[in-house]
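Marked as region 'Disordered' by Swiss-Prot: 33-120, 150-226. As annotated by Swiss-Prot, compositional bias 'Polar residues' applies to 57-67. Positions annotated as compositional bias 'Low complexity' by Swiss-Prot: 69-92, 173-182. If you look up Swiss-Prot, you'll see 93-103 marked as compositional bias 'Basic residues'. Among the features that Swiss-Prot reports, compositional bias 'Basic and acidic residues' is placed at 183-216. Per Swiss-Prot, the feature DNA-binding region maps to 233-292.
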Amino acid sequence: MSLTNYYSMMGLQTDEPYGAHFIPGGLQGSSVGCAKPVRGSEEEDGTTGSHIPDFSHLSNKQTSLNGFSAWTNTANPTSSSSPQLHSTPSHFQTHHFLSHHHPYYGPQTQTHTEHVASSAASESRFVRSWEGAPAPEVNLSHVSEEFQACVPPQTGLPSPRQTFDDVKPENSPAPHDSPADSSFDRPTEVVLERLGAAEEPKKKPERKKDGEERKTQTNAENPSVSWIHAKSTRKKRCPYTKHQTLELEKEFLYNMYLTRDRRLEVAGLLNLTERQVKIWFQNRRMKMKKLMMRDRRSVNQ
């Protein structure tokens, strides 16, 4: 099978979407490009176009693409492929052959758009929905008008001043003769009264604080009074309570030294540890010795 017959059979057996997409420049360029070596061989042999396959019987055959033939030209739908092969110059064949392999460059795009425009103008029923026809430009003025139609007109909206004037008579106080004359007639006065009642308890502690400050000032002038009301700044090191201290003092009066069993018993009664009871008795004995030494010195003097 020759190269020309191979490309021609591929062009006829392509699927419908591929055929529809490459009809304007693809198949035409392929058929023209494939015809170039055949024509050169004929010129070398000096023979006529007897070896060129004749596809004239296929030109009138309607394919599944709404009666559009793959071998017809866009300008002359009924013309055959053989005259087109003889009449096309060599440089134009090369140009279409390159545009077939590079479909996204300028020449292929121009031929495609020209085909769409001509087919849409001449035969509107053959225009396909999958063709890349340019979308119509959107009229911005029309869109804006439609958008404005969706929005209610500004003139129908009431102004804030009108709303205030309409609401004001409803909130006006009732006449004094009406039975509704109560605290609700003047809400501002009621709110002020309640705020004043809430602020009164806050003012009383402030007055007490002022009195305490005056007392401290008078106490500072009198040292005897200030000594009585003075608070010790020394941190307590002893964790014993008054009840625990009193019970330990009683136990110390009975016996200055405790046995281990008695120490554990006192610690359990007073909720203390054995070490705490032991330390307290040691400190208490040291204190008693100091007091005895002072008494002796006072007697000797």
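Just so you know, the numbers here start at 1 and follow the chain as drawn.
Note that Cβ sites are derived from N, Cα and C of the backbone, with glycine treated the same way.
Restricting the average to the DNA-binding region (233-292) gives a pLDDT of 90. Applying DSSP to the DNA-binding region (233-292) sorts its residues as follows: 42 helix, 0 strand, 18 coil.
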